[in-house]
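Structure first, commentary second.
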Amino acid sequence: MDSSKRHLLLILDGWGLADDPSVSAVEQADTPFVDHLYDEYPHGVLKASGLEVGLPDGQMGNSEVGHTNLGAGRVVYQEILRISKAIEDGSFFENDALVRAARHAKASDQKLHLMGCFSDGGVHSHLEHLYGLLELARREGLAPAQVNVHAFTDGRDTDPHGGVDYVEQFQKKADEIGVGRLASIVGRYYAMDRDERWARTERAYRLLTDGTGAAFDDPVTALKASYDDGVTDEFVEPRRIRADDADAFGDHGTRIEDGDAVVYYNFRSDRARQLTRAFTEADFDGFERERPDDLLFVTMSPYDDEFDLPVAFEKLNLEGTLGEVLSARGGRQLRAAETEKYAHVTYFFSGGREAPFDGEDRVLVPSPKVDTYDQQPEMSAPELADRVSRSLREADYTLAVLNFANPDMVGHTGDFEAAVAACEAVDRGARQVVEAARDQGYSVSIIADHGNADRLQNPDGSPHTAHTTALVPHIILKDGFEGPVRDGKLGDVAPTILTLLGEDVPDAMDGEVLVPAERAAAS
């Protein structure tokens, strides 16, 4: 490859373009550098949600989906659609791993446990998939009390007080199907940590295996009591639900114990790994625990290449991603993020590949150890900007990929002022890195992977903590290039970058090139 061709892809995670500036931290923040880029350089907008990124129509985008599409250079149809389609066409009920779990419980007169994020947010899971599992259990002949559901309440990708509605919806659906009952509730803050805060994971594990948590007679009361204490869905402390028939199957009918079967129905991997490790790894050292014997543990999708577990929906093998193409052509690349988004610029951007490509360097900066990021809205952006700027000066990379996590991670807290501060921190970091890149002869693309900080308030005035379906920016800086930049989707970014680098676009990338090829090559 031509060593003089260099490109920086800067991802402002959660930096959506607002419909209503009054509720947008992006619009209210003082961001002189990004504002300057809009004034001076060619730009367009990108679709980052729904069908354009392989999600159901109208479904908000997320970081996993966004980075997968960005790296693939095409629309990548996501697990949520694959699973939903399997339920619709009936193949779900013949899925080897799922049927095996149900039959394991039935054959040994043990329990089937279904656990996962309890919402229709569509980012980590979907309740329709849980209902599909209940139907499968019914078809396999499991008794009503033999199927326990452990709800990891959301409140991050959904309304913070939406849990009660989901519980009532579930109870109605379970009654219709004829199997399944809610056995425990805990917020995703505990059950779905991904930053090795093992004390959180341990509290969820103790609830599931020992029943350690406040006891309630019904799940609606359990959640309302949490709300009364000012604790919303994401942060609900462990709660077990009493059952009259608790000893009908096994010694403790709602707990996960020896001989049971578990289906973890989250389809997104990053926040499912820690709890899976606690249940399945013989040499686990995150905390002291007793591991149930003869436990069949099934995951909805592959959570980690190192897990030797039954998987219901294997990952699609994505070939010809941007990283793979550049590596095969002799290019060097850099992937950089803080902990919260490290998997996204590596595993997801590489199409589900854990290992670096030849010539790929990685920069990981630890995220701050705070309970929620509104307490430190700058997160680790200053250190990350320093590290990447230094790397760009010290090595020649064909492609550098950098993610600033702040607008997304702070946006999830619903704290408007903190989200404004997060956007301002990213503006400062972006200035530092972009100026360093331009000094070294890099062209630059500045984008976002989905919306979030563009809407921090609901119409009723309550905090909005979820992602949005907003369009996202696409700004290009390249000497001699004056545009235009056509509007497109995330899957168009990789072929556009290859064109800016003067490289051929592989057949596997069917995304569109959003710049005139002759002008990009000539600049």
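Cβ atoms are placed via backbone N, Cα and C, with glycine included.
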Substrate binding, same site as Arg156, Asp157, Arg188, Arg194, Arg268, Ser269, Asp270, Arg271, Lys341 - Swiss-Prot member from His113, His124, His126: His124
- prompt: Ser63, Asp449, His450 bind Mn(2+) 2 in Swiss-Prot, but which of Asp13, Asp396, Asp504, Asp507 does that record place at the same site?
  reply: Asp13
Message: Excluding near sequence neighbours, so keeping only residues 6 or more apart in the same chain, what lies with its CB under 8 A of Asp408 (Mn(2+) 1 binding site)?
response: Asp13, Gly14, Ser63, Lys341, His450, Asn452, Ala453, His467
Statement: One finds that other Cβ atoms within 10 Å of the Cβ of His467 (Mn(2+) 1 binding site) number exactly 32
Message: Validating a neighbour-count step here. Other CB atoms within 10 A of the CB of Arg271 (substrate binding site): how many?
response: 22
Query: Can you tell which of His124, Arg194, His412, His450 has the most other C-beta atoms within 10 Å, given these are the binding-site residues?
result: His450
Neighbour-count leader, CB within 10 A, recorded positions: Ser63, Ser269: Ser63
